[in-house]
Amino acid sequence: MLKRSSLIYLSCVLIITIPILLHVYNGPGLSHEANEHRASHKQKRTLANPDKPKSENDEDLFCAVTNPVTGSYIDLSQLSSTPNKLREGQKQISGNNKHESSKTKWSVRGWGYDTNFTLGICSSPVGEAESQQLSNLTGAFYVDQLNENNLVSIGDFSTRPALVGGSTAKKLTLKYENGSMCPNGKDKKATLLNFVCDKEIQSKAQISYIGNLHNCSYFFEVRSIHACPTSNKKNEVNVLGIFIGIFAIFFLVEFAGRRWIYAKLNRHLKNDDELHDISPSLNEQPHWDLIEDGSRWSKFFNGIIKTTRRFTKSLMRSLVRGRNSRQGGIRLRSSPSASSSSLANREFFRDMEAQNEIIDSLDINSHTTESDHPTLADNSV
């Protein structure tokens, strides 16, 4: 009965625990493939119904992105001229001075390109002086090397950063397209910004020029603390649910499981005590034998262990005997040249036994002769 109760209890605990552990292991979603399928389905639904009002979960984020795998939230709008409102848990991060905190455009040294670039993030860096040559949609530009009065656009700014890398989604990028004409006369200049999380940086952002391809595509790296992910409400809810689930399992194990088995055990022992009071011969087995009675497998392994111990002890005894025989104990030898083989030893012991029998017979004869002398004296008298 106790074994059956224990099996029922363990099966109930496993049925409750396994789904929660699977949920914790897979994170906010069921799997990476399910998250990607859900994201693609969401994109198709948005393209199919562009006029349909979007819910709070499906709204387009301005210069921000939510990681579909971890549920974390990254807001790059703090680097633009129109930042979003801070969410719960976000802190206002400013530079060392007011100018740095209000900075919305950056001048980047073009190493090896003999010019400087001016960039904006999710906004246009074009001011009044540049508005005559460039559109207010321009996200990045530079001064022409041949004509300093000529400004060249390398892409219109975008407000939709993207996470690339498949199921891992580790790279955060932002593309600027539809710039000035490339030297080939067919394509237009474009820019790719790669964002890197940097919590040690002192300024809002640090932009570095990486290189270009055919003077048509330009690559930059943006290091900023605003590129670091923050917690999301959904993620916090998931963590709270996991905590509640663990507490529920602990409650079931502690109060429902352990105490139920303890009550069953006490009831069983009380019944055994009653039977013992009625007839002591019916309950000769101690209570701890009922509890510690193992399964067949445990008995099998215990038997193997005992057999191994016996074999080891016998082997050690044989080794000790062999060592004593090699070291040479106290032996009786008939002559110095006696052999140490077993056959010689047997012959030696046989000779010794024969000698002992002869000595015993001599002692018996001597006793008989001594007893005969008084009778002869009496006869003479």
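A Cβ is built for glycine as well, from the same backbone N, Cα and C atoms used for every other residue.
For the residues Ser180, Ser203, Ser339, the entry in Swiss-Prot flags phosphoserine at a single position: Ser339. Annotated by Swiss-Prot as region 'Disordered', the relevant range among 316-337, 360-381 is 360-381.
The disulfide bond recorded by Swiss-Prot for Cys197 joins it to Cys228 [selected from Cys182, Cys216, Cys228]. Candidates considered were Cys122, Cys182; Swiss-Prot assigns the disulfide partner of Cys216 as Cys182. Every protein chain considered, the tally of other Cβ atoms within 10 Å of the Cβ of Asn215 (N-linked glycosylation site) stands at 13. Taking Cα separation as the measure, Asn136 (N-linked glycosylation site) is nearest to Asn178 of the glycosylation sites Asn116, Asn178, Asn215. Listed glycosylation sites: Asn116, Asn136, Asn178; maximum Cβ neighbour count within 10 Å falls on Asn178. Across the structure, Asn116 (N-linked glycosylation site) and Asn178 (N-linked glycosylation site) place their CA atoms 20 angstrom apart.
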